[in-house]
Amino acid sequence: MSQPTTLRDALLPGASTAPRARDATPAPTAPQLPLPGLSTATLVGLILLTALYLAFELAFNARLLDVVGGGASADDVHHIEISGRLLSGIAVALVVLQGLLTWRARCVRLGRAATPRMGVVLLLCGLIVGGVYLGLQQLVDGIVASRSTEFRRQALNITLIQQAIVDGRVQLTGMEQDAGLYARPEGKAFLALFPAMAASVQELDRKIEHAKLTLIAEHVGHQAGGIQGYYRSYQQAMDGVAKQWRDYSKLGSANVDVEAEVAKQHRKAWNDYLSDLGKRGWTPSTVPGAYEGRVRQSVRQRVPVPSDWDLRDEAGFRAAVDRKVRSRFHGQVPEVKVRGQRIAPGLSQAAFTAHPAVQAELRDQLKLPAGTSVPLSTDAEGFRRQLYDPMRMARARTEAAKYNAPLATFADGGSNAAHGLDATRAALVPPIALLCSLLGAIGHLGKLVYLLCKLALRLAARQIPAAVQPRLGGAILLVPFVLAAGIWTTLSHMDNSVTTSELYQTLTAQTLQRNQADDAQQQRSLPLAPAIVNALHVVAVGQGYAYPYNEHLRVHYLQGITFGYRPKD
């Protein structure tokens, strides 16, 4: 029996009904490329942008450590904060840019009409930079403003100690007694973390009370440039007085003429007055009351005494003569005045310098307490005893009132609120910024390695079996997380001269204890205390290893970019 005719036989008469032999080799399959839709050029562009950002982030990280190690002022913290927020905005924008470019490329590949334009993508990234910048500003401001009045006052005292450590004016018990420690990266990292850790010390104000005035006085001296810097200020002030005296001495002859004329006219006018009264047998004290007005009117025709002038008032009479004579010389003979007081003519430079008005001006310039006498010249010991030490202690006593002020004055609207907020910002911003910078650097380093792996997989796609490519593409997604976790875990188990010190261990224990109490009070299901202590440890260790490379990058490859901070000489 014949086989039934197939549909193919009916449609194509004469075609062979024998079954086709299966091909020996399968048709080639197009390789599945990693990161679908993104071109190699786009990948390279993302790699370059990420590497460029990473360079600036690492350089910023080094500069941030310099801010702390150099004794950060409120202005320094403000400027470095601006750079940090901007870099954080760029970091987030780069992550979003990669996602948007991937989405855009996929839309183009699938032929979708609603494909976002490149200009829209870039505009969105710019908005993200601005949004993150403002968001971080609000976040930091919120953290600073939310601190209690007790924390604000404590931060003021902590930053005082921190500055003393930076200046080398105090040694911390339990810390390596190495003069160069705080100039090294691990020492600078400890200084950055010190305020956040010291805030956990119970009754810190009481514990430093006995040394507070000395610390403040030394801080005042440091702000003045030390004894040498203050001596330069003294020299500048005395140079100004010497110039005043030279100008004054040039006018000496003219001033003597005026003074002589005043004395001459006073004697003549007073003698004439007495002579007129004597003709009637009167003296200034015996003029009958009925005639006082007539006598006064007669005197006023020659001397501009007040209408209620007492006939016995020779000083007022002389003052009226003085005004009359000087009005005649007005505009012709200049006078030397200091702080509104006329300086008598003919004084030597020493006498001119000793004049009360000149001394008052010098005290203001040199910030000296009232009653201090500023000598024309002095030796080193006399300068310290007469000027430098009185200036330091007077200003220290004034400043101490701020450090010991009642807690209520640190509340919003209080007299010390601004000081407390500045100190809180100086205490909290550097450690937060260091942690965020370290996280950003680790995260984008992982992202850079991920993109490089993507590029390598793209370039080697034709040599890799198609079945393996999807698994490799999924595996490299784990690269950033594995790298970040590996770095963090490694740093968590490493130590340096700071983290092994007795003081660091004590502060860490108190920080853990205080944050555990906060966890219990807030009833947190996920305790923050261990995470906070671990983050402090990672920053303390990581900065010590990373700083030399980051600083080399900043100085030699980024033209010494300052990020708004310039150390004071």
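From the backbone N, Cα and C atoms, a Cβ is placed for every residue, glycine too.
Keep in mind the model is a prediction, meaning the values are calculated, not measured.
What TrEMBL lists as transmembrane segment is 41-62 (among others).
Summarising the annotation, TrEMBL assigns transmembrane segment to 82-103 (among others).
The annotation transmembrane segment is assigned in TrEMBL to 115-136 (among others).
Feature annotation from TrEMBL assigns transmembrane segment to 432-452 (among others).
Taken from TrEMBL, the feature transmembrane segment covers 472-491 (among others).
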Long-range environment of the transmembrane segment (82-103) - Cβ separation under 8 angstroms, sequence gap at least 6: 35, 37-38, 42, 46, 49-50, 53, 56-57, 60, 63-64, 116, 121, 124-126, 128-133, 136-137, 433, 436-437, 440, 443-444, 447, 563-564
Chain residues outside the transmembrane segment (41-62) and at least six past its termini with a C-beta under 8 angstroms from it: 35, 83-84, 87, 90-91, 94, 97-98, 101, 105, 434, 437-438, 440-441, 444-445, 447-448, 451-452, 454-455, 458, 543, 546-547, 549-551, 553-554, 557-558, 561, 563
Chain residues outside the transmembrane segment (432-452) and at least six past its termini with a C-beta under 8 angstroms from it: 43, 46-47, 50-51, 53-54, 57-58, 60-61, 64-65, 80-81, 84, 87-88, 91, 94-95, 140, 143, 189, 192-193, 476-477, 479-481, 483-484, 487-488, 535, 538-539, 542-543, 546
